[in-house]
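Below is one structure, written out as structure tokens, with a few remarks after it.
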Amino acid sequence: MSNVQSQSNSHHPVHNIVNRSPTSRSEQQIRSIPPTNNNNNNNNNSINNINNNTQRQPLNNNNNNNNNINRNNSNLYPSYADQPDILRSSQKDEYYKKLFEDQCFEMLTRITGPRFIMNRQSESKLLANTIYYLLTTMIGSQTLGEEYCNLRKIKDKTFSIPSIPDRIKLYFFHLLAPYLIKKSLPKLFQRHPKLYILKEIFPKFERLHLALFYFNGSYFEFSKRLSDIRYIFNRKIDQKRPKYDILGLLIIIQILLSTFMYLKENSFFLKQQQKDGGCNGDGEEDNQDLNKDIKIEQVDSVINNNNQDQNNNQEEEEEQKCTLCLEVRTHTTATICGHLFCWHCITEWCNNKEQCPVCRCPISIRTCVPLYNY
């Protein structure tokens, strides 16, 4: 019976399920272990990848930020001004300085009289330029030309605003030094006639300096080169600026040609002197010839002064021209408004239109007054 029961129990389905359930659960657990390990490894790998990516992203972002910072820093430093803007600024300043010089000259003429101020035109010009300089550069502001072109003076290589000693130095080299040199050169040439060659060297040196400016655009004037002051832009310049290299090259060619012609003429003159000295044979006669040459140079300087006086007379003749015929006035006639014309010109004008040609004041032939011994 027991055997039968055991057999029956063994073949009973519920018993089989109960007996197999523990083994089945353990098998399921064992079978489920490898997948969990694989999933954990995959998760760990994914976490490591995320960490690596998160570590790389800040580095890339930092590099991009550094590049942007470098670009921004490069934009913080303004660029140097170019030749066209510097020339335009200088021309604008010269225009306003000329107007101011004329006004100062008229004011001084009324105060001191025309005879006194005509002999001191250079001093009146220096006074006007000094006032213009004190009202602009000396107080640290821009000149009218610099404002027009958005330029600013700075110390080269430091990008700092010029200090008061730098401005005083610029004023001395720009205004006082040329005035003192111009006043002292005639006396220097009288004492040392051999230094007369400086009068021809200085203009060539100035043209050479101008050629260098056309090449590199650094210093337009000697005063700014000696005081180490340059111009920068107040605005951002995106477009390319034109260059004046061709003008600099042409100036250098002109300087070389003029120097060659000058040396050629002097060498020919020296050869003639040597030949004349060989024929004479005495050293004392050579010294006399040299003294004669020095006297000739002094006479040339006197002739040059006379030529300057003639030029001044020509300017006065230009002021005495009639505004209608543009020639020197003949039989000078004054109108009621005070303008001067030729008698023939103003009478013909009054026959057509009874108005002054200059100010349109009503006039007639009866009111025109001829000026005798004028």
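Using N, Cα and C of the backbone, Cβ positions are placed for all residues, glycine too.
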Do you know which of 53-82, 83-112 Swiss-Prot annotates as transmembrane segment?
83-112
Determine from Swiss-Prot whether Y219 and I139 lie on identical sides of the membrane.
yes
Between 244-282, 322-360, which stretch does Swiss-Prot give the note zinc finger?
322-360
Listed in sequence order, residues not in C337, H339, C356, C359 with Cβ within 8 Å of the centre of the Zn(2+) 2 site Cβ atoms:
T335, I336, G338, P357, V358, R360, C361, I363
What are the DSSP helix, strand and coil residue counts for the topological domain 'Cytoplasmic' (182-192)?
10 helix, 0 strand, 1 coil
Within a 10 Å radius of its Cβ, which of these binding-site residues (C337, C356, C359) has the fewest neighbouring Cβ atoms?
C359
According to DSSP, which kind of secondary structure is H339 (Zn(2+) 2 binding site) found in, if we only use helix, strand and coil?
coil
Under a criterion of Cβ-Cβ distance under 8 Å and sequence separation of at least 6, what residues of the same chain contact H339 (Zn(2+) 2 binding site)?
T323, C356, P357, V358, C359
For the topological domain 'Peroxisomal matrix' (217-243), could you work out the same-chain residues 6 or more beyond its ends whose Cβ comes under 8 Å from its Cβ atoms?
75, 78-87, 89-90, 146, 150-156, 159, 162, 166, 169-170, 173-174, 177, 206, 209-210
